[in-house]
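Peer 1: Feature annotation from TrEMBL assigns compositional bias 'Basic residues' to 933-942. Look at TrEMBL and you will find 943-955 tagged as compositional bias 'Basic and acidic residues'. Marked as domain 'ABC transmembrane type-1' by TrEMBL: 328-610, 988-1268. Annotation comment: TrEMBL describes 933-956 as region 'Disordered'. Here TrEMBL flags 33-52, 72-89, 171-187, 363-383, 442-461, 467-487, 544-573, 981-1008, 1028-1050, 1098-1120, 1126-1146, 1211-1231 (among others) as transmembrane segment.
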Amino acid sequence: MERLCGPDLPFWVANQTFHTDRPDLPECFQLSVLSWLPCIYLWVVCPIYIFYLKRSNRDYIMMSIMNRIKTALGLLLSIVCWTDLFYTFHELRQGHSQPPIYLITPLVLGMTMLLATFLIQYERLRGVQSSGVLFIFWFLSVLCAIVPFRSKILQASSQSEVTDKLRFTTFYFYFGLVACELILCCFNEKPPLFSNVVTDPNPCPETTAGFLSTITFWWFTSMAIKGYKMPLETKDLWSLKERDSSKITVPKLLKEWEKELTKAKSEVNTSSQAVYSKPLPSTTNHIGGGGGESSPEEVEVLLSNPKAASRQPSFLRALIRAFGPYFLIGSAYKLLQDVITFVNPQLLRMLILFTKQKGAPDWWGYSLAFLMFFTAFLQTLILHQHFQYCFVTGMNVRTAVIGAIYRKALVITNAAKRSSTVGEVVNLMSVDAQRFMDLTTFLNMLWSAPLQIMLALYFLWQNLGPSVLAGVAVMIMLIPLNAVIAMKTRAYQVEQMQYKDSRIKLMNEILNGIKVLKLYAWENSFKEKVLAIRQKELQVLRKTAYLGALSTMAWTSAPFLVALTSFAVYVTVDENNTLDAEKAFVSLSLFNILRFPLNMLPQVISSIVQASVSLKRIQNFLSHDELDPNSVDRKNTAAEFSVTVVNGKFAWAKGDPPILHNINMMVPNGSLLAVVGHVGCGKSSLLSALLGEVEKLEGEVSIRGSVAYVPQQAWIQNATLRDNILFGKPYNEQKYQCVLEACALTPDLEVLPGGDMTEIGEKGINLSGGQRQRVSLARALYSDTDVYLLDDPLSAVDAHVAKHIFDNLIGPEGVLKSKTRILVTHGISFLPQVDNIMVMVEGRVSEMGSYQELLKQNGAFAEFLRNYALEDIVEEEEATEELIQDEELFPDDALSNHTDMVDNEPVINETKREFIRQISIISADGENLRSRSVRRHGCSQRKHSEQQEKKKPQDMQKLIQTETMETGRVKTKVYLEYAKAVGILLSVLICFLYGCQSAAAIGANIWLSQWTNDASTNMTKENVHMRVGVYAALGIAQGILVMMSSFTLAMGNIGAARKLHHDLLTNKFHTPQSFFDTTPIGRIINRFSKDIYVIDEALPATVLMFLATFFVSLSTMIVIIASTPIFAVVIAPLAFIYVFVQRFYVATSRQLKRLESVSRSPIYSHFSETVTGCSVIRAYGRHSSFVLMSDMKVDENQKSYYPGIVSNRWLGVRIEFIGNCIVLFAALFAVTGKDTLSPGLVGLSVSYALQVTMSLNWMVRMTSDLESNIVAVERVKEYAETKTEAPWEVEDKKPPPEWPMEGNVEFHDYSVRYREGLDLVLKNLTLSVKGGEKIGIVGRTGAGKSSMTLCLFRLLEAAAGEITIDKVKISEIGLHDLRSKLTIIPQEPVLFSGTLKMNLDPFEKYSDEEVWRALEHSHLHKFVSNQPAKLELECSEGGENLSVGQRQLVCLARALLRKTRILILDEATAAIDLETDDLIQSTIRTQFEDCTVFTIAHRLNTIMDYTRVLVLDKGQVAEFDTPANLLSQRGIFYGMAKDAGLTQ
């Protein structure tokens, strides 16, 4: 430095700087270090920054006035610097030799200012609106210029005049200009010219936020304010940034995954020669358009390594390649933050030393206090930047994973589908994708924790020497303990998940079949089952709680035990070691830093283990086989046959036995082929084979042209009716009307509240079976394709509608007459009109030919016909057609009356697939906020003219009420409810224990500060043992108290969870049927899964954390105020700001969480809907648009998730700022009061203050979580207190056990309505039935047929009048007593998963012989005895593994087992082929000979031999007499019989 500054300007003078009350830095130091610092920074950063700018591609920004000013100032600055330089040259010329520093510094400064000016312009051209690099540069320049600014004024005031006038003025010029640049740098430029921000209606302000705004998250404030004023809604959310959207992230991941797959493929062929590998077909077939880079024609030549074992494609690698680089930026911030963390303990040491030295100048203390504040603040900013990067990465990973899974699910094979249920796949999407998201936030801890631990140990060693090792040993001993606890907890969690899954699965089945449970009076058996599972679940929870209490204790006591052992060893090892304040409290603050990484490590590791399991699952799923898009040749151009199958042999999956053998068929263009055969002979499988949905083992299949497919179970989307029919095709009014007409949908639209814009619920829940089927047909017809595959579309509709559809649509005169049609059917009446008939028997084609040919052959088909054709085929069908056209003959037009508008029966017309379960388990609060389904009841009875007026929207009743979404603050009442559930006394005790524990902790630390004061009074030797002993006692007491408090808390929480679940369950079993008809199952399941889960697991954890942080913050305040009472003054304003920020945050974040969970369910419901309907989606070739829909839903969800993460950062920066202020004031007051304070107290209060930031931050978070989670209690309570039905048993009114003996049933003036406020369904019914009579009930749809049966079971309670059975008024006895004495064979056969025996006899009342006898009579004997498991045959969920016909027979067997005096048979004939139907009818005739039988008939021929027939019309008795009399009266019954062709 001598050389640069010359001998006259010394570089450093200690007396001028440290040891004086007016410190000043020497001029040489100012000119060198202070001037060069900013310059060095800018030159180092510049190359990297310029490279980054070259890469980033935004458009340029127009020159603005501000930009011009900045540039001008920059040029002026360099001119000012050059002025100095030239002045020095001038002096040299004059002969005043100046030291070289006067030349070098202005030169360097001038160059740097030019560089800065260049950067200002370059940034403008690259579209940077606000520059962090330059901001930091100007900030450093101002900071460094403040010192000369002060010292020049000091010098000038000490000397009478300024010696160096020019340099004096240029410096102040320089300072002013730099300050201006800094101020200008805080403002933002306009957005670039062609940026997408301009076009966005609600852009995210982050894209245009300035540097300062970005690092402090100031740009979020607008939303916080908006959210505080009123609850946020979806429209208030900012749109997602482009780089976070599915459009960008999903293809990015898929591209990497494709590379992995191709690599794995190439390595499988281990032969060393070049292998020609085709990239997987998936590249093209499932990423429709997006990201499928390589076309299938590209063939890559890959050299493979002979040694390479076949390896799995690694999903992890793909993830890292796609998202790693962005994540690394976050890691860089983390590294910086870790280093800065250790500055504060060093400053604390200096502060304590400062308080010891009595003569030290005050400014030392103040600058230390401000330095502490500054480092803490810097640390805050950096930490939250790191979090932001991590969370955004996590969010992107989730988007990409969900996108990849969705695309894959559309193309996997049946075998793959069977290996994972829809629930499991939805879980991949929800749980596993979520785990990745959680892991990314922790991932950096993997290297950061060891780094922090090593740094902390290094500083501790400096402080305490080898004694630290004792403390470290304790820590290391605690690690295995924590690890064991974590492992155990993990195992318990897995176990508990299994119980939870089985409980939800059972609940889902119960709710889906709740009507059946009520009809059979089986509730108790199922309630016991649920409670048994719940009991096991709670036991596991209890074990987890024991472990939790232990680990909480380890967690709280660890730092204390470490400190204790270190200090004890330190003091006892050597007589001369004294524990003074500086050593003790610096060590304590270092131990506190250590505590976090040590606790995090096990957590991170377990979280990595979890994520690796998820990774495997996702990897397996994404590696599943995909359907071979080429199994069906669609390119076939052969002229005359549009569908050909040659030697086809098909199986459901590769290893399975074939289901179809040597199928040969050729369907000529434009012909109609009918496929007939018994239940389960492979008719539907044949259609699947034509669609390429099943594995082709051998043979050729080709289809010419496009395909439309109508599955047996209509697949209806949750969209409007019109969207369901258009299915992505453009709307064409004329064609659309024609389609509706042909499918007989026009009359239905008049009844639906919104016409064809009515929202259809999940799985078409607000349409009747017949309507669903017709919508499915309409979709096929509208798609206008070449080949139509129709899988039994006529079974679900009434006879005359079936006829209408056949004639106008399918038949030889229908709209489709020129197209090729393959029709699977059970209806015989249409067969004469088809071109060809194919008869299938057990997976083979037994005969094929036209109707006449087959009759002549006299084979299986002719036999089949002879049994059934007599009553069913009528040649004179023209008569009926005229009837339909001629409306006068009917009281109402037959069709419009047949709008099978849900037959006014309750809505659960669900048959086969019950997928609501999976959706709702995951979907969090609130299903879709739009009302899922809307429909008006009781329309079918009103005349059309009325309906036209009633169409006005204000009259529209919604069937399904929108779920209420709580907004605003959670009411105190809810907290009290929860406290009550825990137990009031217990709640008070818990708070008391927490108080004691804090007291013990404070006591221990105050004792420590007393102990350190011994050092200054030289009392150390005598009391070492006493000091150590008391310190230990206090600490251990604290540990025990912690354990007790967390344990009592856990017990209380589990008690509450048990009570809340029990109340909910009991109430739901007692809830009347009408509740289930108006509430989507998903919503109820949600209470049992999501909300109970929150009460079981999330809530206890939150309460625990909340209490812990609350008491920590409280004790910090107490300690600081105790040591420096003046601190109390500052607390009020700080607390005010704190509460203020907290209220803003909680209001906004709570609503964001709600919006997020509300927008989450549609992702999963759309997904499970897609999986159920993927065969339809594929048949119509609609994948890519479904992929887009899914992406939109994910983006919609991330739109509310992203502000959620930012709100946490926003809060963090503000709350930690308050924490930093507390540190500042604690230090400042310690400095001001240093004469009265002992070093021990200073150490105590400042080290407490350093800890407080964390707990303040967590406290707000926990308050917010508590508010979010306590909502679950509110929701469960709401459903646990709904209105209940009549009691199950009324003790004093019990009927005699053998009742009913005779089976007489009488209705007296009986009226009933479905729910309050709706019209009567039955009006003043009066009739009496003698025991043993067989009554057929007929009537048009909606006449109230089914309602009559529901009344007998009291699923509907009377509005007026009464029903008596054998002199007992049924309204007076208990529901179970009534229902167990009646038997019903319901319309929809419902089976529960479990054994067959359980399905027949859940209470185990009957012996095996009786069960077998029932099976024999119901014709299932052969089927069951062929099963290896016999009666223990497992029925899958909903009885999936039995055919519909077999399920119906199981219901018959149930009825035979109960064998009560009154049997009700609800039209169970729709889904059954005629043979099965006959079996049932004959069984009922023989087995129930002496019983009273009510049959709701579809096919009149079944009731022609009944004793009497009751004809209902609009809820009243129209005719009631023997069938013969009714026919002769020529009334309604005669008209119906004539329709069915039973009479002339």
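Quick reminder: no glycine exception, Cβ is built from N, Cα and C everywhere.
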Peer 1: Take the transmembrane segment (467-487) and find every residue of the same chain, 6 or more past its ends, with a Cβ under 8 Å from one of its Cβ atoms.
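Peer 2: Tertiary neighbours of the transmembrane segment (467-487) are 457, 460-461, 547, 550-551, 554, 558, 561-563, 565-570, 573, 577, 591, 594, 598-599, 601-603, 605-606.
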Peer 1: Check the transmembrane segment (72-89) against each of 33-52, 171-187, 1211-1231 and return whichever range has the most CB pairs under 8 Å.
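Peer 2: If we count Cβ pairs closer than 8 Å to the transmembrane segment (72-89), 171-187 scores highest.
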Peer 1: Which residues, given as numbers and ranges, are at least 6 beyond the ends of the transmembrane segment (1098-1120) yet have a Cβ under 8 Å from it?
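Peer 2: For the transmembrane segment (1098-1120), the sequence-distant neighbours (Cβ-Cβ under 8 Å, at least 6 residues beyond its ends) are 545, 548, 552, 978, 990-991, 994-995, 997-998, 1001-1002, 1005-1006, 1045-1046, 1049-1050, 1053-1054, 1127, 1131, 1222, 1226, 1244-1245, 1248-1249, 1251-1252, 1255-1256, 1258-1259, 1262-1263, 1265-1266, 1269-1270, 1272-1273.
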Peer 1: Quick test of the contact rule: Cβ under 8 Å, at least six residues beyond the ends. What residues does that give for the transmembrane segment (33-52)?
Peer 2: 25, 105, 108-109, 111-112, 115-116, 119, 122, 133, 136-137, 140-141, 144-145, 147-148
Peer 1: I need to check the long-range neighbours of the transmembrane segment (1028-1050): which residues 6 or more away from its ends have a CB within less than 8 Å of a CB in the stretch?
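Peer 2: Long-range Cβ neighbours of the transmembrane segment (1028-1050): 542, 545-546, 548-550, 552-553, 556-557, 560-561, 564, 567-568, 571-572, 986, 989-990, 993-994, 996-997, 1000-1001, 1003-1004, 1007-1008, 1011, 1100, 1103-1104, 1107.
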